[in-house]
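Here TrEMBL flags 164-442 as domain 'SAM-dependent MTase RsmB/NOP-type'. Positions annotated as S-adenosyl-L-methionine binding site by TrEMBL: Cys257, Ala258, Ala259, Pro260, Gly261, Gly262, Lys263, Asp278, Asp304, Asp320. Annotation comment: TrEMBL describes Cys373 as active site, nucleophile.
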Amino acid sequence: MDGQHTEVAGLPARRLAWGTVADLLGKNRGTALEDAIEPAVQRAVLPPQDAGLARAIATTTFRHLGVIRHALHGRLAKGLPEDQPGLVALLATGAAQILYLNVQDHAAVDLAVRLAKSEPGLQHLAGLANAVLRRIARERDEIRREGDAEPLRLNTPDWLARRWITAYGEETARAIAAANARGAGLDLTLRPGAAIPEGLEGRRLPGSLSLRLDDARTPVPELPGFADGAWWVQDAAAALPAHLLGVRPGERVADLCAAPGGKTAQLAAAGAAVLAVDRSGPRLRRLADNLARLGLSAEVQAVDALALPEDRPFDAVLLDAPCSATGTVRRHPDVPWAKGEGDLSRLVGLQRRLLDKAARLTRPGGRLVYCTCSLEPEEGEAQGEAFLARHADFVRRPIAPEEVGDPALLTASGDLRTLPSHWPDEGRGGLDGFYAVRLERTGA
Ligand SMILES: C[S@@+](CC[C@H](N)C(=O)[O-])C[C@H]1O[C@@H](n2cnc3c(N)ncnc32)[C@H](O)[C@@H]1O
């Protein structure tokens, strides 16, 4: 666009969503959607409503990408050209609006055609986009029915579907895929001892750490209690690992992979003297902002946790390690399409080194909680078992059902294993998939 004329309403939002999805399917595969779209929104200087629409289109496209690809593939004479991310993104973002968003069919088709005509590489595809998207609109009910019935087969990359069937069985793997397609509501971690602010409507979840809001539409800063720091946004499952560390006022606690700080806030709110470490400066700035709003404090260090000095071990250590994040697809639907099985072994190696470091930072008699937001056993149960086999000076401290509010969230060994298919009836339903093991260093 040359800036000389005003574009038709809605087109800038479609262009932004299309450009972001094309990038993530093509040259920037592996980048997280939120890391790609937020800078693009800033650059495009869109009004808030258009920015919100662009986010919704891109997120919805990834949430249903398997179903959408399948539908397009079967309706194109030569199938879907996966080597042309610009074309795939044009059709997929158009189809996402028709199938899953509250957008009039003619507006979705018309804007996709206009978008194609305005982009040099897509001009010759405007007719194709028009024809296939009209057909998607005509056959919407059938496409949705098929997708809803088979989210594991149609909407989960094969490598992940295979792994989840192996780890959890076919029925649970299906339930996980269905929960991922539904998405997540808004969970708040309540400041310990604080009353639920007046006007904040929701249900307290089992274990009582979290409130699941009835209304996930109001912008977070406008919700009652935001300015007073009465709560912070965090999935109900993500609130469990820091709670399991059971820190007491005055204890010295290290949070080794801390940013953006949901768990640091829990530790600080419990009265601990927290060292919050993360190697990402920008993510730590979010942590500092979050703590400031909540009126909480922690010592913050932007360093590689592997380089921390070991001369003053801590009473308790939390290691929320970097992982494949396959437990967070409800909130981050791009994850399955951004990653591949090949990413796992590097992460598993890093987790092992961080765990061994965390062990050296735990004083005799001190506690260590290791957790990941992954559904992959290599990053969870296997990591816990291998640690115990390597470290004769640590024992597992099994988690009791009352600590998490539901025995279904625990493994036979007493570790935490939450699944997106857990708590399906609580509000919008589901939990992020987390693993956590609680360990104690012997020899106090
Ligand atoms: C799962 S996220 C942590 C989420 C955080 N605990 C929370 O509750 O908000 C993992 C974090 O590990 C950080 N990280 C990865 N490798 C690291 C390392 N070697 N040392 C310190 N931080 C690291 C990443 O920057 C990322 O912020």
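Placed from the backbone N, Cα and C atoms, the Cβ positions cover glycine too.
Caution: TrEMBL annotation is automatic and unverified by curators.
Here the features listed in TrEMBL are placed on the structure.
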residue: Cys257; record: S-adenosyl-L-methionine binding site; DSSP (3 states): coil
residue: Lys263; record: S-adenosyl-L-methionine binding site; DSSP (3 states): helix
residue: Asp304; record: S-adenosyl-L-methionine binding site; DSSP (3 states): coil
residue: Cys373; record: active site, nucleophile; DSSP (3 states): coil
How far is it from Ala259 (S-adenosyl-L-methionine binding site) to the residue listed as 'active site, nucleophile', counting Cα to Cα, in Å? 14
Cβ neighbour count within 10 Å of Ala259 (S-adenosyl-L-methionine binding site): 24
Filtered by Cβ under 8 Å and at least 6 apart in sequence, the residues in the chain of Cys373 (active site, nucleophile) near it are Ala237, Ala238, Asp320, Cys323, Ala325, Gly327, Thr328, Asp432, Gly433, Phe434
Kindly state the mean pLDDT of the domain 'SAM-dependent MTase RsmB/NOP-type' (164-442) in the predicted structure. 95
Site extent for S-adenosyl-L-methionine, whole Å (max Cα pair distance, Cys257, Ala258, Ala259, Pro260, Gly261, Gly262, Lys263, Asp278, Asp304, Asp320): 19
I'd like to know which of the binding-site residues Cys257, Asp304 has the most other Cβ atoms within 10 Å of its Cβ. Cys257
List the same-chain residues at least 6 positions away in sequence whose Cβ sits under 8 Å from the Cβ of Gly261 (S-adenosyl-L-methionine binding site), in sequence order, or say none. Ala276, Arg286, Leu287, Asn290, Leu291
Measure from the Cβ of Lys263 (S-adenosyl-L-methionine binding site) and count the other Cβ atoms within 10 Å, all protein chains considered. 26
